[in-house]
Amino acid sequence: MTVLYDEIMVRYGELSTKGKNRGYFINRLAKNIREVLADMPELKITAVRDRAHIELNGADYAEVSNRLTKVFGIQNFSPSIKVEKSMPIIKEEVVALFKEIYSEGQTFKIATRRADHNFELDSTELNIALGDVVFDNFSYAKVQMKKPDITLRAEIRQDAAYLSFEDIKGAGGMPVGTAGRGHLMLSGGIDSPVAGYLALKRGVEIEAVHFASPPYTSPGALKKAKDLAAKLTVFGGSITFIEVPFTEIQEEIKAKAPQAYLMTITRRFMMRVVDRVREERGGKVIINGESLGQVASQTLGSMSAINEVTNTPVIRPVVTMDKNEIIEIAEKIDTFNLSILPFEDCCTVFAPPSPKTNPKLENCIQYEKRMDVEGMVDRAVKGIMLTTIIGENWDQTEEEEFADFL
């Protein structure tokens with residue numbers, strides 16, 4: 001089947017519930033669509049109250065369609081053919097289209113929408129006229145109003161008529177950025193990229209914070225984390241990757257805290273650092289990939305002891321999921337194979353053999369009195385490095401910037 005499309009008609013998801021803020025949500029979705037299609041300048045993108053229109057102007061429809069399926073805030077979209085707004089020509093194009101898409105025995109229905117109320121026929125008359133032309137040319141065709149094999153949509157707008165027959169499911173959710181900014185604690189594992197994806201789906205613009213402890217962690221581990229962030233850019237546009245120097249803190253913890261408390265105190269320092277970064281960069285929440293009971297630092301007791309260092313809301317999108325459920329999403333978003341590459345992150349290289357599953361807060365506070373907590377956090381935050389990740393080929397196009405640009 002060869003159909004040359006002129007436009008893609010995009011229908012919004014939950015935006016219909018947003019009342020007075022609807023315009024803001026639509027504008028943000030349009031911005032996100034433009035960002036994921038930025039390397040295709042021939043496209044013309046227009047967003048109006050109830051849908052967006054993407055004029056292809058010769059662009060590769062398959063590539064545009066593939067990218068749109070990953071943009072949050074889209075309920076579905078339909079590739080369309082633009083035809084002159086005259087009944088003889090519309091009928092002619094309907095017949096030509098049916099010759100391409102219709103097979104004997106299939107059922108169909110016509111669904112029309114008349115945005116131009118000066119057009120010669122109203123919606124009901126259009127339905128009848130286009131149904132008749134199908135029957136005249138395909139005598140074996142059968143109408144079925146509920147769940148037909150083919151729904152031919154005709155939309156009469158001011159500039160032209162548009163015909164479509166496919167509804168392609170979108171990613172749903174909310175446009176990225178409409179819920180504000182959050183800071184994702186991105187390790188090299190399976191869970192945190194999934195948490196980032198789920199936060200993006202609910203409209204959170206994420207910046208990825210990764211803790212690096214060279215020489216204990218390798219350049220390969222750092223690149224792996226950046227590659228994971230790059231995988232998420234297909235859902236939310238560019239992502240700022242924030243590398244935190246964590247070696248000094250981890251060495252100090254290892255030297256001055258009991259082995260059973262190494263993980264808890266490490267996570268408390270991480271939470272302090274990411275909270276400071278969040279504050280300086282205008283974030284509203286911290287996001288992590290903790291899943292309840294999966295490891296020692298993810299029991300309710302551990303989470304409570306770790307959370308004590310911040311009043312900032314911490315979102316844990318995968319907290320109630322089984323590992324298999326998390327893996328299923330990781331495979332869907334193409335992060336799983338990256339996540340299982342054998343590079344150790346800073347949580348694994350210093351992991352004690354028997355960490356506390358129910359650490360006492362008073363013990364954590366007592367052990368941290370042996371350390372220069374504020375000084376080390378300050379130095380870590382001052383030493384961060386930023387990388388703007390744009391697409392999966394980020395390492396070929398982007399240069400790192402120092403944190404002076406905060």
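One is the number of the first residue shown, and numbering goes on along the chain from there.
Each Cβ is built from the backbone N, Cα and C atoms, and glycine gets one as well.
Among the candidates Gly173, Gly220, Gly289, the one that Swiss-Prot lists alongside Met185, Leu186, His210, Phe211, Arg267, Gln298 as binding ATP is Gly289.
Other Cβ atoms within 10 Å of the Cβ of His210 (ATP binding site), summed over all protein chains shown, number 27. All chains included, 26 other C-beta atoms sit within 10 angstroms of the C-beta of Phe211 (ATP binding site).
Take the binding-site residues Met185, Leu186, Arg267, Gly289, Gln298: by the count of other Cβ atoms within 10 Å of each Cβ, the lowest one is Gln298. Secondary structure from DSSP puts Arg267 (ATP binding site) in a helix.
Residues belonging to the domain 'THUMP' (62-167) score a mean pLDDT of 94 in the model. Largest Cα-to-Cα span within the ATP-binding set Met185, Leu186, His210, Phe211, Arg267, Gly289, Gln298: 18 Å.
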